[in-house]
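What follows is a set of notes on a single structure, which appears directly below.
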Amino acid sequence: MDGRQSDQEMDSKQTHAASATDPATNDAAADNNPGHGKTSHHTPVAATQESMKVSLTDPHPPLQGDSPPQGDLLQSAILDPASPNSELHSSESSPSVPPHPEPEPERKPATSARHIGGTHKALSPYSKQGLSPRMIRWRRKLAQINALEPILKAEDDLSLRKRSLALRYRAMAGEKLSTLLPEGYALVREAGRRALSMRHYDVQIIGGISLFEGCIAEMQTGEGKTLTASLPLYLHSLTGKGAHLATVNDYLAKRDAEWMRPLFELLGVTVGIIQTQDDQKSRRESYSCAITYGTAKEFGFDFLRDRLLLRAQNRLQTEMLGDGGGGFSGSGDQIVMRGMHFCLVDEADSILIDEARTPLIIGSIEDTVRDQIVETYRWAAENAPSFELDEHFEIDDDTKQYELTARGRQKVRALPKSDLVRTMGLVDLYEYIERSIKVHREFLLNRQYVVKPNEKGIDEIVIVDEFTGRLAEGRKWRDGIHQAIEAKENIEISVPTGQAARITVQDLFLRYPHLAGMTGTAATSARELRRIYRTPVIPVPTNRPPKRKRLADRVFGTMQAKFEAVVKEVQEVHAQGRPVLIGTRSIDKSMIVSRLLDELGIEHKVLNANNVEMEAEIVSAAGERGKVTVATNMAGRGTDIKLADAIEAMGGMHVICTELHDAARIDRQLIGRCGRQGDQGSYRQYLSLDDDILKGGLGPARAAKLKEKGIAKPGAMDHYAKLFGKAQRKVERKHFRDRMVLMHHEKERKKMQREIGQDPYLDTPD
Ligand SMILES: Nc1ncnc2c1ncn2[C@@H]1O[C@H](COP(=O)(O)OP(=O)(O)OP(=O)(O)O)[C@@H](O)[C@H]1O
């Protein structure tokens, strides 16, 4: 990777005209009803102390998803300190395999141990010795929640709802949420059991408590983050200030909200969903709900649009001084958000780290020199391919800068130009050509981007997100890269329109007074998350010990040899009837694997950003007998592949990773598609000496030598496996440093702007 992520920026969709109606529901009226408060207040937490001891054994018949012998791991740990279940089940069985690229030593257990146990001995949050005061406190709360369970179980739905209203009344009257937590969480658990047939496991309750306390809960993939999120979202919603859940795309926002809706509704809590295409009116309605699910991007744009509106109405000053509220204006336009109180970030590493630098930008006026710019982009795109490396331009290996040589500049001057292009300054023309050469060499169709018609049928460049494999609709590369690609593909050029408002994803989340996050893969980023967001990472143990098996890494000389070996393995596992998932780093590579499978006559499905509409169908069948699925990172986050009945006995699903990503976290996401919820499963990493990660981590010279070696020597060369892990760690460290530098500059800029009385979000430099 060449820091392309840093080039990315978001362009807003058109700023919608706000509508005049005010749908803001006033839940407070119902909440403030003392009658409700009294009737539902009949079993306060304090009254249940006696029953707590009893509740440490599970009084419930197992439900769907419950696993009686090991189901409540924590419970058994409390009852029996010697219980093997009291260990943290985070390692996978890996018999006699070379070590998989491990996260940097200084970043992993040390951080977690410090947070959980306070000493380095306390590697397990549930071991008795070295338990941190925090964990002792959390276990005490868990015991209180467990104690309430039989009581709530005996009550009807209406009583639960009344209890919920009473809690809201108390929260709005100023009672601390932490004192309401045990009863609140017990209510959510009971509502989950009734409405979703899913009872929160003890480990999920512990995860929920850590989220309430502003931590990043690291829960293994498939452990049920969606259900865990319901706990802190509910509790924070009680204050009436709105609780937000930010996730990575519209699809997940909608899916999770709809999934959890029956639980919340049973407790009288409203749920809103923000989708990209929503107008201002429906956005306002969604934000007026007690809990709102949406994407980080939409939360950011709504914040900016509101801010622009407030400035237009000259109300920003009072708003900033805390005298805002209401959101009414003389023109009838209203802001959509009710403020920012609590945000739970799903896939926290993706949003808080990978997306952190992404600026969300709302454009302003049309550029008057538009035609000239458009024509120059086209002129550069036509001529760039005729420029030769070393003769006309050079590339700086460290900075990835393209620079024209003297001969290159001479060539630019000599090129034929139209009148419009000729009026452009010569230095600008050099830059246009340099950028265009870079785009021709580094930005490839069906790898970094696709060309896709928009809703008006006009072709557009849509970025393929490196981390999620999904199309990042609405996002643009900056510094003219996006326009240079449009020129290269000969489609309409979207000249930037200047900046009216801008915020980075990082700044957006730092504005929430209460922030928490969940992810399957945060330990490797614990240091960064703590440093930037002051959110400690807490590993939450798995509910059942993972049975996922890691098979030895395989290394080949060339990509071709690697993919041939991959399909051979697919053939073998497929013959046993086990489902196989093959992860690739880009759309074009998924197509290569698909072609090779076709040649062998193996029926399969391809899941990439080009066939997103088939996603639900492909995923729902992927765990069935004999299914083969080729996917990009799209199959990573949020893809819940259910195994068909007989598959578990055969050994579960087999995942094949065909290349390392720039961050080990992304590889872990794909691996996490198998062995979910304690299921059987296996995975293997395939590598080749021409993989991009070697260039990024070991430098172009060393990578070129390895590549030569790979071409010269066919067959497997597994002894190189460790080198790949080393390269990946180097790339991770480089990205970490880049992010820190950027954060520093952003901080300085904002400080300076505030000093001179500017708004750092609205008075943005272009
Ligand atoms: N307490 C529970 N009882 C029964 N089933 C559960 C429970 N918690 C989670 N599950 C099941 O576990 C599966 C995984 O849940 P979910 O998709 O929320 O996991 P996740 O942690 O978000 O995974 P990923 O990180 O892969 O996105 C779902 O099928 C869900 O039904």
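Using the three backbone atoms N, Cα and C, a Cβ is placed for every residue, glycine included.
If you check TrEMBL, you get these features:
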- Q204, G222, E223, G224, K225, T226, D640: ATP binding site (BINDING)
- 1-14: compositional bias 'Basic and acidic residues' (COMPBIAS)
- 17-34: compositional bias 'Low complexity' (COMPBIAS)
- 83-95: compositional bias 'Low complexity' (COMPBIAS)
- 120-718: domain 'SecA family profile' (DOMAIN)
- 206-364: domain 'Helicase ATP-binding' (DOMAIN)
- 562-748: domain 'Helicase C-terminal' (DOMAIN)
- 1-130: region 'Disordered' (REGION)
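Features recorded in TrEMBL, as mapped to the structure shown.
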{"residue": "Q204", "record": "ATP binding site", "Cβ neighbours (10 Å)": "28"}
{"residue": "G222", "record": "ATP binding site", "Cβ neighbours (10 Å)": "23"}
{"residue": "E223", "record": "ATP binding site", "Cβ neighbours (10 Å)": "26"}
{"residue": "G224", "record": "ATP binding site", "Cβ neighbours (10 Å)": "20"}
{"residue": "K225", "record": "ATP binding site", "Cβ neighbours (10 Å)": "25"}
{"residue": "T226", "record": "ATP binding site", "Cβ neighbours (10 Å)": "20"}
{"residue": "D640", "record": "ATP binding site", "Cβ neighbours (10 Å)": "15"}
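Sitting within 8 Å of the Cβ centre of Q204, G222, E223, G224, K225, T226, D640, and not among those site residues for ATP, are the Cβ atoms of M219, T221, L227, T228, Q677.
Counted over all residue pairs in Q204, G222, E223, G224, K225, T226, D640, the record's binders of ATP, the longest Cα to Cα distance measures 17 angstrom.
Secondary structure at Q204 (ATP binding site), as computed by DSSP, is helix.
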